[in-house]
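Per TrEMBL, the feature transmembrane segment maps to 32-50, 70-89, 101-125, 131-149, 156-180, 186-207, 247-270, 282-304, 316-335, 347-366, 378-401, 421-442. Per TrEMBL, domain 'Major facilitator superfamily (MFS) profile' is recorded for 32-445.
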Amino acid sequence: MTSLLNAFKAAPARQGPATPDMDRFKRLRWQTFLSMSLSYALFYVCRLSFNVVKPALVANNLLNPTQLGIIGSALFFAYAIGKLVNGFLADHANVRRFMMLGLLLSAIVNACMGLTTNTVILTLIWGLNGWAQSMGVGPCVVSLSRWYSDKERGTFYGFWSIAHSLGEALTYVAVAAVVVTWGWQYGYGLATLMGLAGLALIFFFMADSPQSCGYPPVHHEAQTPTPDDSPAPSIFSKQLALLKNPALWLLALASCLMYIGRYAVISWGVFFLENAKAYNTLSASTLISITGVFGIIGTGLSGLISDRFFNGKRNALAMIFGLMNTLSLSAFLFVPAGHYWLDAVSMMFFGLSMGALLCFLGGLMATDIAAKSAAGAALGMIGIASYAGAAAGEILTGVLIEHGTTVLGDGSKAYDFQTLSIFWVSASLISVLMTALFALHLQKRQPPTLPKREETLVPVQP
């Protein structure tokens, strides 16, 4: 057992030459960054495969929407808890091996998902996938911290955060094409192969840290001396003070509700388009993949726009994107069938706004109000709230779909999505209201002094 734990400890420092080879260092850094980012995109393929096969499972009377909601929620609950636990462990771990283990487990789970339709078994193994998925984001953020200085990390975090949108697009195009051509079991098979491909990328190209490759650390944390009679506040006291801050709770609630809308489209968008607007699986999946493509743009530009044009004040911009998200989701749900280009445009604006909201509500605004040493607690709180919302939304969505299902005389099923659509749009709109309350709460107090750019923390995105 001890030897197993030692295998996952951070790789020991190696003695390097007196004059470091900086060309090799830059090459190692790029190899690590690219392999980490691409493999994280493949993490997402292994996470979202279930969403693409849902319509086939219902159409073949293998599972009903309520059962699908329960199975899907298991991943969110496990991911929420695992994100905290594995994020802490990743700080002390060999992130290369840690990430490999998570992706291997996720690939194995996808292989198993195609072997049974038993609800209990599927719930258990999909919950295991949630835990495995939580072993991806922590190592990525720790790796960015180890390989990039404070001045560089924000830029490369923005590039890395594109990976989740790339993974979404891959899932809703490649996996969907396989499901349509060969059947739902083969969709899981492709996700498994993609996970194993990511495993190979990490194994051959990712390095744990500069020290493990014979280089010094890229930065040292500055320590501010304090008078003997005025001890510096402990990290725990800063975390406790943060948890007492009502602004954090308002932001957490806004993110919680935003995630209901996010996974409404990601998890159930294909099912909705097939049954409400008569698209086939490939056409529906292609429309949903648009959100991933435009999510890349929204995520990549949101921080830059807020810094350059809003002087780092993100509250107003978050509300603007929140309203855009609500309107685009409403168009997606309430525009009648037969308007492909309107559906495509609604998915464009939904992806653009959701990409920005994932950056703002999903972490960046929380770090703006947190002490630097308490940023982990802020992000953990937002993460727990976000995926609790996703899990609750997944269950309620399944129940509402089941409640609105009518079995016709020929045995086919008709669905009434009216109540469900109101639920999704209401969650999105209330998220905007919570963001407004967050902004009003901050206005009543002394505006927080943002850290210098080289010390600005970046949000952890799921």
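Every residue, even glycine, has its Cβ placed from backbone N, Cα and C.
TrEMBL labels come from automatic prediction, so no person has curated them.
Counting Cβ pairs closer than 8 Å to the transmembrane segment (156-180), the top stretch among 32-50, 186-207, 282-304, 347-366 is 282-304. Non-local neighbours of the transmembrane segment (131-149) in the same chain are 29, 32-33, 36-37, 40, 43, 46-47, 75, 78-79, 81-83, 85-91, 93, 95-96, 98-99, 101-103, 105-106, 109, 156-157, 160, 206, 208-210, 217-219, 454, 460-462; each lies 6+ residues outside the stretch with a CB under 8 Å from one of its CB atoms.
In terms of C-beta pairs under 8 Å, the stretch of 186-207, 247-270, 282-304, 378-401, 421-442 lying closest in packing to the transmembrane segment (347-366) is 282-304. Residues 258, 261, 264-265, 269, 272, 298, 302, 305-306, 310, 342-343, 345-350, 352-354, 356-357, 360-361, 365, 417, 421, 424-425, 428-429, 431-432, 435-436, 439 of the same chain lie 6 or more positions beyond the ends of the transmembrane segment (316-335) yet place their CB under 8 Å from a CB of it.
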